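What TrEMBL records for this protein:
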type	residues	note
DOMAIN	6-421	domain 'Enolpyruvate transferase'
BINDING	K20, G92, R120, Q168, R343, R385	phosphoenolpyruvate binding site
BINDING	K20, S21, R25, S166, Q168, D312, K339	3-phosphoshikimate binding site
ACT_SITE	D312	active site, proton acceptor
Amino acid sequence: MRLTTNIKGLTGEVMVPGDKSISHRSIMFGAIAQGETRIKHFLKSEDCLGTLKMFQKLGVAIEEEGEEIVVHGRGFEALQSAEEPIDIGNSGTTIRLCTGLLAGTDFTTVLTGDESISRRPMNRVMLPLREMGAKITGHEGSEFPPLTIVGQPNLRGMTYKMPVASAQVKSAILLAGLQAKGTTTVIEKEKTRDHTEDMIEAFGGKILTEGKTITLEGPQKLKGQQVNVPGDISSAAFFMVAGLIVPNSRIVLKNVGLSESRTGIIDVIRQMNGKIIITDEDTVNKSGTVIVETSELRGTEIGGDLIPRLIDELPVIALLATQAKGKTIIKDAEELKVKETNRIDATASELQKMGAKVLATEDGLIIEGEQTLTASEVTSYGDHRMGMMLAIAALIVREGNVDLTEAEAVAVSYPNFFEDLHELIQK
Ligand SMILES: O=C(O)C1=C[C@@H](OP(=O)(O)O)[C@@H](O)[C@H](O)C1
Ligand SMILES: C=C(OP(=O)(O)O)C(=O)O
């Protein structure tokens with residue numbers, strides 16, 4: 001795809017699509033709860049539709065009614081074998097959370113996915129779940145998908161100290177814990193997104209969070225709910241960065257999810273002297289309007305407990321740093337190596353192709369500021385977030401063309417990304 005370059009400015013309003021993490025979970029919790037769950041602003045992207053189709057294959061009635069997705073939950077016990085392997089596509093969230101969710105069933109499920117999923121580590125969920133009594137194996141004795149989950153109805157609760165900061169691992173254990181007998185306690189390495197904990201409470205379950213320790217008693221029964229999915233801050237991030245680095249820009253982003261566990265990018269933009277305002281905050285729905293304007297940015301350091309609060313935004317934050325005054329150092333982000341692609345190497349290589357000085361390190365990136373980006377051929381490596389970051393980078397290229405291969409990957413989390421971007425462009 002030939003990307004739009006050399007624009008005069010970006011102005012206007014965007015309503016970004018629904019949050020990916022919350023959309024996945026609303027289907028999963030709707031499926032294991034009793035009664036109807038109605039989901040507003042569900043993200044109809046490839047990853048989340050994959051989760052929806054998966055639960056239909058497990059015998060759950062799910063349909064679209066006007067603007068809502070309706071899940072007719074009949075409780076965990078009503079889930080049925082899909083008989084055939086289920087293809088979850090590109091979604092790490094689906095495969096990891098559902099491995100925990102299905103560990104306590106009385107049937108066997110095989111979960112497969114695309115080429116990228118087949119390279120993503122699964123021991124991080126398989127090992128703790130086995131301690132709870134689960135029977136899960138990877139492909140030919142490895143830790144990689146396809147995963148075979150031989151359901152074990154007698155799971156036991158346990159205390160698990162997490163070796164990685166991962167909301168997917170935490171959520172897989174909590175979902176298994178909801179079916180297990182006794183207490184399940186997870187101690188996090190760093191705090192990660194807490195949508196699973198929020199949803200357990202919203203669906204009438206009991207869960208206690210004290211600092212980095214999360215505890216629940218199993219088994220628990222949940223009740224269907226109305227879920228209002230806020231816009232995805234990880235999708236909004238591309239327009240936040242675009243508005244800050246493209247001259248003559250002002251972008252208003254409506255209904256953006258603002259859970260404290262996800263707002264690291266806003267903290268970083270402020271640290272970098274970016275002009276960003278939050279208005280219309282809704283503390284119940286944890287959402288609000290975010291307004292950004294072209295800014296004089298300065299470099300910064302990003303690491304430690306900030307990393308899980310902006311993990312998926314790091315490629316586009318690296319782009320932001322190429323336009324700041326001074327150096328930016330990103331550290332403690334080795335988790336980026338095991339995403340859809342190795343995002344440390346991919347970010348460095350593609351931004352280097354566009355003339356930026358970006359160095360890949362063991363656990364992050366070092367980015368020189370005030371770089372002029374130039375025409376090039378770049379690839380998303382089939383990774384949605386890489387594709388969107390490169391489309392934003394192209395906007396500030398002044399001469400020549402930027403061609404992006406595997407641009408279609410954006411449909412994983414933001415099917416209308418290019419349409420929404422074009423609405424803002426002042427040529
Ligand atoms: O729980 C979730 O919904 C997610 C957790 C994060 O992954 P990790 O748990 O692997 O950090 C994030 O990168 C992913 O996009 C969504
Ligand atoms: C890492 C991501 O998702 P997942 O792990 O669900 O594939 C992402 O959306 O950036």
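Every residue gets a Cβ built from N, Cα and C, even glycine.
TrEMBL feature annotations superimposed on the structure.
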{"residue": "K20", "record": "phosphoenolpyruvate binding site", "Cβ contacts under 8 Å, 6 or more apart": "L43, S45, D47, C48, T93, D232, S234, S235, S413"}
{"residue": "S21", "record": "3-phosphoshikimate binding site", "Cβ contacts under 8 Å, 6 or more apart": "T93, A167, R193, H195, D232"}
{"residue": "R25", "record": "3-phosphoshikimate binding site", "Cβ contacts under 8 Å, 6 or more apart": "L97, S171, H195, T196, M199"}
{"residue": "G92", "record": "phosphoenolpyruvate binding site", "Cβ contacts under 8 Å, 6 or more apart": "I117, R120, Q168, K339, E340"}
{"residue": "D312", "record": "3-phosphoshikimate binding site", "Cβ contacts under 8 Å, 6 or more apart": "S234, A237, K339, R385"}
{"residue": "R343", "record": "phosphoenolpyruvate binding site", "Cβ contacts under 8 Å, 6 or more apart": "L314, P315, L336, K337, D383, R385, M386"}
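Checking the binding-site residues R25, R120, S166, Q168, R343 against ligand 1, the ones with a C-beta less than 6 Å from an atom of that molecule are S166, Q168. Annotation for S166 (3-phosphoshikimate binding site): spatial neighbours R124, T192, P308, E335, criterion Cβ-Cβ under 8 Å with sequence separation of six or more. Proximity of the binding-site residues (S21, R120, S166, R343) to ligand 2: a Cβ under 6 Å from the molecule is found for none of them. Under the three-state DSSP scheme, S166 (3-phosphoshikimate binding site) falls in the coil class. For the binding-site residues R120, K339, R385, counting C-beta atoms within 10 A of each C-beta gives the highest total at R385.
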